Amino acid sequence: MTEKKRTGETKKGKKAGRSTFPAGVLYVGIGASAGGLEPLFQIVEQLSPDDPCAYFIVQHQSMETGESLLPSLLAKRTDCSVELADDGARIMPGVIYIAPPDKLLSFNGILISLSIQEARTMPIDHLFRSLAENAGGHCIAIILSGSNTDGTLGSRAVKEHGGVIIAQDPDTAEYKTMPQSVVDTGLADLMAAPSAIPNHIRDYVNTVSQRDASETDTIAFSQSQRNTLFSLVKNRVGHDFQPYKENTINRRIQRRMDFHKIERLKDYITLVKSDPNEANELFKDMLISVTNFFRDPACFETLKQTLVKQYLPRKNSAEFRAWVPGCATGEEAYSLAIILAEAMDETGVHCDVSIYATDVDTEAIARARKGVFPENIEADVSEQRLRRFFSHQSNEYRIKQKIRDMIIFAEQNVRQDPPFYRLDTIICRNLLMYFKPEAQQKVMSHFCYAMKKNGLLMLGTSESIGSLAECLHPVDASCRLYMAKRGIEDHERYTDSHTSQRLFSLTGAPAGGYARRRQEDSVGESGIRSMERILLNLATPPSLIVNRNGDIHYIHGRTGKLLEPVQGRPDSNVLRMAREGLRMHLSTLLGECAHTNQKQTRRNVRVQTNGDETLFDITIQPIKSDQFEAPTFLISFDESPPPRKGELDIENMQDISEQARNRITMLEAELQECRDSMRVMTEEHEAANEELKSSNEELQSTNEELKSTVEELETAKEEVQSINEEQSTLNEELQAKNDELQRISNDLDNLLVSTEIATIFLNNDLIIKRYTPAISDVMSLRESDVGRPVTDIAMKLEYTALAVDSSSVLQNLDSLTKEVQNESGSWFQMRIRPYKTSDNRIDGVVVTFNDITRLKQSEQMARTAQNLAESIIDIASEPLLVLDEKMVIQTANRALLETFGVTEKKSIGKNIFEVGRGRLDQPELKKALESLITEKHVLWEYPIKVELKPSRTMRLHINAKYVPFSTQEGEAPRILLSISAITPLDSECPEPPPEN
């Protein structure tokens with residue numbers, strides 16, 4: 001059965017999920033490879049930082065590419081925070097964590113863990129396994145485009161622990177192999193286009209959040225509803241899950257209900273009734289085919305050493321029989337076959353190996369029979385074992401035929417069907433832990449019955465033998481490896497109904513009588529089996545079981561009269577071991593039986609045995625059994641009775657004529673001659689066969705060499721494909737970065753053109769790197785001049801020091817500004833600045849020429865106007881001056897200077913109240929002028945007394961007005977002041993007007 005870790009989260013995983021992580025938080029792992037960048041963009045664009053999810057992205061990248069471009073590319077496409085994963089960082093919801101190119105990303109509790117990535121480790125599998133072990137049912141694994149099978153084994157672990165698997169729809173993937181591998185193994189819960197995946201994530205978040213808000217320690221359903229559901233599943237798929245533990249089954253049911261957003265079991269039962277496929281989906285969910293090669297390697301090594309040191313050296317039979325119940329997709333059965341092959345090589349004890357691998361999952365058995373596995377089994381199988389026991393084909397590993405021939409796969413229910421018997425080894429790991437105690441006890445009793453004395457039993461590390469300690473004793477308790485204390489012949493009667501029916505058919509006694517054993521029974525179980533063996537030996541003729549080529553699988557009875565060993569190398573082919581007279585008949589009958597698939601018989605065949613002839617009736621019939629994959633046949637030899645009395649006896653006939661005797665003698669001589677001729681021909685035929693065999697061996701050797709060469713080529717091809725895939729991923733990132741740089745370049749070009757500022761970029765050697773079209777106003781440049789020294793370019797300026805000034809800027813790292821004029825008379829403000837890169841490195845200079853012709857013209861016009869104003873003021877007859885807000889003289893005309901007897905040097909820039917020995921320093925005048933600044937009114941004919949000449953006081957009339965004035969520093973008010981009516985003090989003078 002596929003009861004290999006099959007029914008939901010392990011207790012360990014569940015506890016981790018509950019104790020470590022807050023309720024409702026989901027952990028989303030995303031694996032991508034070649035062609036995965038665009039799907040990642042489509043997903044992250046729809047993610048919200050408010051969703052209670054932490055996201056982990058692993059994309060295949062070359063470990064030699066240095067820093068990953070992925071974080072910067074994704075950060076531009078999402079509102080979530082994007083971080084390159086850092087070892088030991090605390091995991092936060094709403095954050096996207098990117099695995100570094102050379103590290104394996106996992107987490108321990110709520111902290112990120114990074115480890116060195118080795119060449120054969122699959123990084124996506126590593127992440128998914130970490131998600132499964134830590135988050136249990138609170139995780140989602142998403143597999144996007146890629147050309148290998150990374151993610152498949154990790155998805156099995158996620159499925160095992162109750163998580164959800166989402167695969168990109170292969171039809172939407174640029175490289176289908178990665179998502180297709182998950183779909184083909186039946187692990188994907190759903191397929192979706194990348195743009196639809198975020199909605200599925202949110203749906204599952206809501207479902208988990210609601211369940212966490214109401215969930216107790218156990219999920220409980222009513223027994224009647226469970227029974228109804230189990231009956232529906234049993235009717236559809238033929239298997240009963242009543243013997244499974246209640247909690248584990250309930251969790252698988254709850255998972256399907258979550259998937260369909262159903263809250264009540266009653267509604268889910270209605271769905272199962274209406275949708276025939278849902279019963280199959282639930283059945284597959286209960287039977288998760290999860291297993292690995294050499295799961296718990298130390299335990300398999302312990303089993304191998306036990307076989308090497310204790311079991312194989314003491315083995316006294318030619319066959320090794322083993323059973324792997326619940327084999328899932330076959331990894332554990334193949335693991336056992338591999339360690340058996342290694343153990344037999346080490347001990348030199350070689351046996352015919354028959355490993356019976358069984359399961360209830362038909363699809364899992366079908367995959368196991370193929371013996372084909374994804375290449376990420378490299379994480380579990382050593383490189384030496386891969387070379388020896390597997391052949392590499394494309395993205396797969398195929399088990400080699402010599403290992404495949406050891407195993408017989410069959411569908412079987414370990415709880416209901418009778419077991420195999422006389423077994424040397426049973427491996428049943430992580431199956432019993434999901435059964436109820438009574439079911440565990442029944443299966444364990446099957447195992448004890450089936451094993452030989454000293455046979456080995458290996459269970460899962462969380463399983464035990466229960467009350468069967470008297471039957472088994474431990475070899476290694478930590479690996480749950482046990483050895484049988486007694487063999488099948490020592491066990492008490494096997495009470496299974498199938499065995500009872502078998503005993504009924506052999507003894508004629510009712511089966512029920514054996515099912516109810518009584519204390520007074522006189523014949524024990526071992527006695528019954530002894531009778532069976534006696535009956536088989538007495539009633540069954542010598543028989544053989546062979547394949548189509550005549551190779552013997554099994555011999556029953558005494559066959560010495562029929563077969564004899566061949567000379568040379570030991571051979572077990574019936575056609576070569578057959579005695580004289582038998583070989584031709586066997587070859588003919590075997591061919592006819594294989595062709596017609598019908599029973600074939602030939603009577604009275606003469607067989608030469610030590611000079612005597614014995615007559616046999618030969619019967620060959622096909623064997624129809626699921627235990628044999630290749631055509632198999634039963635050959636029976638019934639010895640014919642001697643001639644009855646009264647039959648013709650030539651030797652004892654006395655009255656036969658002489659002529660007849662001579663004729664008989666002649667015929668006997670001819671017969672002997674024919675026999676001799678036949679023997680010679682047979683010997684020649686055998687010699688030819690030996691030559692053909694030798695040639696065949698040479699061809700096989702050549703074929704092996706070719707296979708080795710092909711495998712080497714396949715390995716090289718895979719390495720090239722891996723490099724190509726990494727290169728493809730890097731190219732996608734670089735292309736995205738190039739697109740971004742192109743957009744930035746376009747923005748920069750448009751910015752430079754739109755400013756209409758002439759700009760030229762020079763490197764450290766003053767070589768032209770680029771320029772804007774407006775540069776044509778200052779120098780003669782063409783596109784072909786890029787890459788030439790700037791000194792080679794003809795300038796249109798009355799300025800020739802561009803190279804010298806640029807070199808000075810490079811040396812001093814200080815900007816330089818100058819005003820230069822071109823040949824047509826236009827003026828430019830030239831500015832030379834160092835060109836700094838993002839890492840603060842100087843890589844040349846940037847020279848800009850800003851057209852300031854209009855500014856120059858405005859300045860010239862301003863100067864002309866100023867000169868005109870100054871001339872007008874200067875020729876005025878009345879004293880005039882201009883003051884600033886601090887009463888400092890800005891301008892004064894000649895009349896003022898002469899009136900106060902001062903020079904321009906001693907007045908301009910001086911306070912008016914200090915000029916002319918402070919003659920105007922009068923409090924009333926000072927107050928009146930200051931009020932002009934604040935109140936902005938006009939002072940008209942304001943009289944004051946001033947001593948202009950010694951001993952002569954004059955009366956002056958002051959006129960003043962506030963004038964707004966602007967400078968480069970801002971608003972600067974001015975006062976325009978004039979003096980009129982200078983008269984002696986003794987003349988008549990009108991009274992001064994009011995201050996306003």
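Sequential numbering from 1, following the chain as shown.
The backbone N, Cα and C atoms fix where each Cβ goes, glycine too.
Classification of Ser33 (active site) by DSSP places it in coil, neither helical nor stranded. In the structure as shown, the Cβ atom of Ser33 (active site) sits within 10 Å of 28 other Cβ atoms. According to TrEMBL, the active site annotation covers Ser33 (among others).
Annotation comment: TrEMBL describes His60 (among others) as active site. Listed in sequence order, Ala32, Ser33, Ala34, Pro123, Ile124, Gly146, Asn148, Asp150, Glu725, Glu726, Thr729 are the same-chain residues at least 6 apart in sequence whose CB falls under 8 Å from the CB of His60 (active site).
According to TrEMBL, the active site annotation covers Asp150 (among others).
Feature annotation from TrEMBL assigns compositional bias 'Basic and acidic residues' to 708-720.
Among the features that TrEMBL reports, domain 'CheB-type methylesterase' is placed at 21-208.
The domain 'PAC' feature in TrEMBL is assigned to 811-864.
Sequence annotations record features per position, and here TrEMBL assigns domain 'PAS' to 865-936. Mapped onto DSSP helix, strand and coil, the domain 'PAS' (865-936) counts 31 helix, 11 strand, 30 coil.
The transmembrane segment annotation in TrEMBL covers 21-41.
Sorting each residue of the domain 'PAC' (811-864) by its DSSP state yields 14 helix, 27 strand, 13 coil.
Long-range Cβ contacts of the transmembrane segment (21-41) within its own chain (Cβ-Cβ under 8 Å, at least 6 residues beyond either end) map to 52-60, 70, 73-74, 77, 91, 93, 110, 123-124, 127-128, 131, 134-135, 138-148, 150-151, 154, 158, 168, 172-175, 178, 194, 201, 204-205, 208-209, 212-213, 724-725, 728-729, 732-733, 736. The 10 Å shell around the Cβ of Asp150 (active site) contains 31 further Cβ atoms across the protein chains shown.
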